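Here's the structure, in structure tokens; my notes come after.
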Amino acid sequence: MLSRGKRLGYAAYERLLQWELSGTPDHVAVIMDGNRRYAEKQGTKKQEGHKEGAQTTEALLNWCDELGIREVTLYTFSTENFDRDPEEREHIFDLVEQKLRTFADADRVHEAGVCIRAIGETEMLPERVRDAIDYAEGRTAQYDQLNLNIALAYGGRAELLGAARDVAAAVENETLDPTDVSAETIEERLYEGPTRDVDLIVRTGGDERTSNFLPWHANGNEAATFFCTPYWPEFRKVDFLRAIRTYQNREDSWRTTRAERSLALVRAIEQSELPTAKRMLGRFRDALPSTEREQLDEEYDLAD
């Protein structure tokens, strides 16, 4: 239990972080790690760690709704998790089934326009979990304000391997010309789920690795990553805001780099190409350091 002073400090820091944010990612993927280690630290059963982790998941969805994030993907159960103790595994399945049905019926889910979808090799899951998936997807299929993708029986390598096999089979059957294979060809054969590339990956629990989560949507987009030490049940809104700040800092750095490269390009091109280059540079003008921005305005008259 935190002291009153610490609670006030966290609240103030949380407000400061939120005030400093100038933008949020469209798609956040979360690796919710540390439920079992949290339970061990607390001296309780693993099941209690998973229950408390589920409460953090509900809080996360509220934060995403508040901040206007459009898509969230939760790494809930990997294909490797099938190797866990049967009792723990069944408890996780019970919890997933319960939460899927609860979310699907929750007023706040319908008010916020949340569309729930499962991604992964769901045919490997128990029938009761598959039924709960069908129920949740059916109840929320009409919404598009916030896409909630729940990764169940998911493995990044398996997803890419399945897509590659489908492409190979199509080529062998002569329904696909090898010269027509493109990024879109692969993407069409991935698990049906994410509608956007991942902007930010968050992992709790102290491990600094992405566990091959959403490799096509995250690695291909060079998503920002945020690793933090709190176990998933300990994850707070202030931690989430710090993660978003990491994304924001990366975006700001990217824009500055693009702006500086555009400026170098403008200075190097021929006069006949200058109008096109100036339009491109104008898009990134505000990302330049103030001294370079002033010099740019003077040289090329880009200021409003």
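Our numbering is plain: 1 for the first residue shown, then up by one each step along the chain.
For all residues, glycine too, the Cβ spot is worked out from N, Cα and C.
Since we're looking at a predicted model, the values are computed, not measured.
Feature list (source: Swiss-Prot):
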- ASP33: Mg(2+) binding site (BINDING)
- ASP33: active site (ACT_SITE)
- 34-37, LYS46, HIS50, 78-80, PHE82, ARG84, ARG203, 209-211: substrate binding site (BINDING)
- ASN81: active site, proton acceptor (ACT_SITE)
Among SER78, ASN81, SER211, the most crowded of the recorded positions [Cβ within 10 Å]: SER78
Candidates ASP33, GLU80: member of the binding-site residues with the richest Cβ shell (10 Å): ASP33
Sparsest-packed of the listed binding-site residues (ARG84, ARG209) - C-beta count within 10 angstroms: ARG209
Other CB atoms, at most 10 A from the CB of LYS46 (substrate binding site): 19
CB contacts for GLY34 (substrate binding site) [other CB atoms within 10 A, all chains]: 25
Rounded Cα-Cα span from ASP33 (Mg(2+) binding site) to SER78 (substrate binding site), Å: 12
